[in-house]
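Colleague: Attaching a single structure in structure tokens format; questions to follow.
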Amino acid sequence: CSTWGGGHFSTFDKYQYDFTGTCNYIFATVCDESSPDFNIQFRRGLDKKIARIIIELGPSVIIVEKDSISVRSVGVIKLPYASNGIQIAPYGRSVRLVAKLMEMELVVMWNNEDYLMVLTEKKYMGKTCGMCGNYDGYELNDFVSEGKLLDTYKFAALQKMDDPSEICLSEEISIPAIPHKKYAVICSQLLNLVSPTCSVPKDGFVTRCQLDMQDCSEPGQKNCTCSTLSEYSRQCAMSHQVVFNWRTENFCSVGKCSANQIYEECGSPCIKTCSNPEYSCSSHCTYGCFCPEGTVLDDISKNRTCVHLEQCPCTLNGETYAPGDTMKAACRTCKCTMGQWNCKELPCPGRCSLEGGSFVTTFDSRSYRFHGVCTYILMKSSSLPHNGTLMAIYEKSGYSHSETSLSAIIYLSTKDKIVISQNELLTDDDELKRLPYKSGDITIFKQSSMFIQMHTEFGLELVVQTSPVFQAYVKVSAQFQGRTLGLCGNYNGDTTDDFMTSMDITEGTASLFVDSWRAGNCLPAMERETDPCALSQLNKISAETHCSILTKKGTVFETCHAVVNPTPFYKRCVYQACNYEETFPYICSALGSYARTCSSMGLILENWRNSMDNCTITCTGNQTFSYNTQACERTCLSLSNPTLECHPTDIPIEGCNCPKGMYLNHKNECVRKSHCPCYLEDRKYILPDQSTMTGGITCYCVNGRLSCTGKLQNPAESCKAPKKYISCSDSLENKYGATCAPTCQMLATGIECIPTKCESGCVCADGLYENLDGRCVPPEECPCEYGGLSYGKGEQIQTECEICTCRKGKWKCVQKSRCSSTCNLYGEGHITTFDGQRFVFDGNCEYILAMDGCNVNRPLSSFKIVTENVICGKSGVTCSRSISIYLGNLTIILRDETYSISGKNLQVKYNVKKNALHLMFDIIIPGKYNMTLIWNKHMNFFIKISRETQETICGLCGNYNGNMKDDFETRSKYVASNELEFVNSWKENPLCGDVYFVVDPCSKNPYRKAWAEKTCSIINSQVFSACHNKVNRMPYYEACVRDSCGCDIGGDCECMCDAIAVYAMACLDKGICIDWRTPEFCPVYCEYYNSHRKTGSGGAYSYGSSVNCTWHYRPCNCPNQYYKYVNIEGCYNCSHDEYFDYEKEKCMPCAMQPTSVTLPTATQPTSPSTSSASTVLTETTNPPV
């Protein structure tokens, strides 16, 4: 519906009429509703131009008047503007407002003169009123009221809405003007100039044109018809008709274009820019100034001129770089080329960190958390001399099972044994050594009061933070690439296989991965099933308050936000503060970890400790604190033997040291050079953690308290042959007792046990190894572990990408010919990239999920997948409303629980599999990609892709190179410091507003949190227990809680069920089929299709006379059996041992049941509602001759 000129109108039903009035009128609204979805009003001035427009969209009110736009509670705004699902931006020579919410879409356009247009959805047919009519599809009844046909003025009087302080008298009724026929031919000719072949009916526009000419100050002047010709041009453009450049300098000119732009009557509003030169959209053309063909708008520099792509500048951290400029970042050098950064990777050391008691970050930047009490292999490598191995000791540090923390680092080789703990260094014979210490190629010294450094000549550097929390940082040179194993990962640039176990298979959860690298006979690591902050609201508030300094604006940490994303450090800080009884040491440790990361990027955060009272450091012995210090030239010992302490680090070290010109002596006092002493031999003292045994009870010294185990009995009676009992009190053959009992798990690690204390117990006889069920077996009979299950000799398993065979306790794996990776978009803005990076955002725009053709030379993309996200909760969370898949000239749109296909591409093969719960698209781009796209008809969308080319992929789904470290690569090819900067770069529509923060819906809707946590707890329950060891459940549980809190404008249970279904699907991808739905919890009514049939092509269902009981719900197809398609839950009409073959279009039997897997261990119960869908085979061998 539109109005233009001095008072021309065209209703929703295309009825044209004329009316001139200066009162405030309702242009269009939803009738008979107290709170309509929209209410648009307008007022004309005495000059007949539109003086004011009021647009009410629920609580949002936009007022347009006198060339200004204001928003209630915001004030006057600048364009482009985006907030609360509303976008306002220039659109050629006009201004366009687009309101996109989950339940509504509306477009309003105006030109600040005489033109106003509203475009609404068909669902409002028959429900509107105002000057735009009733929108019922019949143009002749728009003026009917209570059964009577009204004239124009009486109809308009009904739409009048006075301002609160006015009474606007209705205009006097005048006789409608009759158009002069003498202008009819001229007007037809003028309209033909605009578009001679346009299918929009011309009669009404000819009439409006005639009226314009006769009402002109000089009757018959053609220039008086410009507004009607412009409206006809707009109507033709909206109908996708050809429109010519009909304006001239002297006829209906709209003025000159700025810079080097040119005028187009029908130009694309999808402006191609340096930031997004491939921008495309479905909007119709409009008139205005545009860049000439072959150029793009420079939206990066300030001049906003049209340039060739080669002339586009680049941007980085708010700075603009000219084409050809170079910049250096950590481990890469980049050159600005066609608006993108063309980067080359440089040799770079690998870094692994152990922080915050329980957090580990691998060489390939994968972060995880675990809670175990044991000695673990941190890193083993063939590049370490003398069979060197780096280990980490984790001990209990509190009462709860999750209060575990790093207590010591061990370096072991055939030549050295070095144990570094809090301010102590032990060597081979548990002898305490005073620092500095040197042994061959290894030098250990204190860099400051807080850090100990181990420097080697073979490419390994270890820096240990001793206070406030014991932490370790490992650095290895590039020669170690692809040659490491252990908790620090395999350093091959691929994040996805960092959980490679000692048995040579990749696990799905951190605890199982960590357990495989135990260097002692310890209990398995335990999972923290609940958020520690959920146990105390006071602790939660305190943790969030203190840790929020990391993310707040105006703090010392803000200066680093553009370089290092503070969000993961904030989350760690909150977790540590709630998990550990000693809160502030862990808070300060978390803040220090962020500051250290910033300093590694060249940004030292001076005085950050002063911003938190409990984090300040008090130095003793007249030492001074520095954020960048070193031991060299600061100790007396460094004067006589500089090689012991003069080894700088590439990351600044903080702590206490002597001021320049002073040196630390043996009393930890700073003295002048002339007063430096000579050191005496190390003093003797008893080590902590030694044990004593009295009457069969063994006690250990832990944190100043005795912790005792055992009972008065003869323990040797519990040992059954071939095991034997070894006592710590009288054993001569093994002074560490059962601590180093030979196990199959230890055999898989390939190293010797590194004991820390003696334990009495039963051990296997020589040559035998203890397996998972406690039996002693020869090494060739050792089982393999995967996903918490045990597999015997010769058994095979199939993972997503490999076929693995168990041999001598280790997996021997062969890569499958085709391996896919998955990107998930689900719920309220959750994304998991192809390489496993997780993030959440609340963007209200169209975003590129994935596309190819991302190289600097910008080849044409063969596919592009775009999500349209809109606001779906009062807290501001956003969800995906539609998905657009572009395959060359072929387009597939997913929206409103259905799909549409337009265009053709003979090079692409695709088929559609329909299910009551999902739509699945199999797409083959020959020579490039095999894709399966799965949509649950709501907010969840999955892209499974395998490729036959090294073509680069980009978008919100990451770059699919196996390394999540660089997944936040922006459109201009540099790696963003945080997810929001990354997300903003992948907007498909550059006029959308940027996202500046992530909403926490549980904080905004606290009354929903308890319900959300209760309903989502099924993910942590016994129902999903069989999957807990295959897929880390905590991210899915947290996403479920967030979505359940945020989904507050209807469909809250649907949001919760969708979130749980995502975890169930992740389990199914790992071969675990979970039957989790019930008639009371997230039910699916597949039985409906047994008694209802489609009535025709319209798709409506009606009750059938016959009842067919074949349709039923299944959580998967062919559980524990072979199935050749992507396995998803749904409504199926095949029997339980059949599946529907889409090629043969009939039910086919599942493959034969494979050999059963070994039962789970006692610590891993199996739910009766669970079955394993992974293929398990048994490898057979020929009998001996």
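Any Cβ shown, glycine's included, is placed from N, Cα and C.
Straight out of Swiss-Prot:
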- CYS1-CYS132: disulfide bond (DISULFID)
- 1-169: domain 'VWFD 1' (DOMAIN)
- CYS23-CYS168: disulfide bond (DISULFID)
- CYS352-CYS488: disulfide bond (DISULFID)
- CYS374-CYS533: disulfide bond (DISULFID)
- 821-993: domain 'VWFD 3' (DOMAIN)
- CYS823-CYS957: disulfide bond (DISULFID)
- CYS845-CYS992: disulfide bond (DISULFID)
- CYS854-CYS954: disulfide bond (DISULFID)
- CYS872-CYS879: disulfide bond (DISULFID)
- 1160-1185: region 'Disordered' (REGION)
- 1160-1178: compositional bias 'Low complexity' (COMPBIAS)
Colleague: Limited to the domain 'VWFD 1' (1-169), I'd like the whole-number average of pLDDT.
Modeller: 88
Colleague: Looking at the disulfide-bonded residues listed here (CYS23, CYS132, CYS352), whose Cα lies nearest to that of CYS879 (disulfide bond)?
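Modeller: Answer for the nearest of the disulfide-bonded residues: CYS132.
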Colleague: Helix, strand or coil for CYS374 (disulfide bond)? Use DSSP.
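Modeller: The residue in question, CYS374 (disulfide bond), is strand (DSSP, three-state).
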Colleague: Cα distance, CYS823 (disulfide bond) to CYS23 (disulfide bond), nearest Å?
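Modeller: For CYS23 (disulfide bond) versus CYS823 (disulfide bond), the Cα atoms are 55 Å apart.
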Colleague: Please classify the secondary structure at CYS352 (disulfide bond) using three-state DSSP.
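Modeller: In the DSSP reduction, CYS352 (disulfide bond) maps to strand.
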Colleague: Relative to the Cβ of CYS992 (disulfide bond), which residues of the same chain, six or more apart in sequence, are found under 8 Å away?
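Modeller: For CYS992 (disulfide bond), the qualifying residues are PRO80, ALA82, GLN87, GLY843, ASN844, CYS845, GLU846.
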Colleague: In the three-state scheme derived from DSSP, which category covers CYS879 (disulfide bond)?
Modeller: strand
Colleague: Could you measure between CYS352 (disulfide bond) and CYS872 (disulfide bond) for me? Cα positions, answer in whole angstrom.
Modeller: 40
Colleague: My understanding is the cutoff is Cβ-Cβ under 8 Å with a sequence separation of 6 or more in the same chain; which residues meet that for CYS954 (disulfide bond)?
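Modeller: Those within reach of CYS954 (disulfide bond), by Cβ under 8 Å and sequence separation of 6 or more, are ILE848, ALA850, MET851, ASP852, CYS854, GLU969, ARG971.
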Colleague: Take the C-alpha atoms of CYS488 (disulfide bond) and CYS374 (disulfide bond) and report the distance between them in angstrom, rounded.
Modeller: 16
Colleague: What does DSSP call CYS954 (disulfide bond) in the simple three-state scheme?
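Modeller: It is in a strand.
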Colleague: Do you know which of the disulfide-bonded residues CYS1, CYS168 has the most other C-beta atoms within 10 angstroms of its C-beta?
Modeller: CYS1
Colleague: Using a 10 Å cut-off on CB atoms, tell me which of the disulfide-bonded residues CYS374, CYS957 is the least crowded.
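Modeller: Candidates: the disulfide-bonded residues CYS374, CYS957. Fewest Cβ atoms within 10 Å: CYS374.
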Colleague: C-alpha of CYS1 (disulfide bond) to C-alpha of CYS168 (disulfide bond): distance in Å?
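Modeller: Here the two Cα atoms lie 24 Å apart.
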Colleague: Quick one: Cα separation, CYS374 (disulfide bond) versus CYS132 (disulfide bond), in Å?
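Modeller: Cα of CYS374 (disulfide bond) to Cα of CYS132 (disulfide bond) measures 75 Å after rounding.
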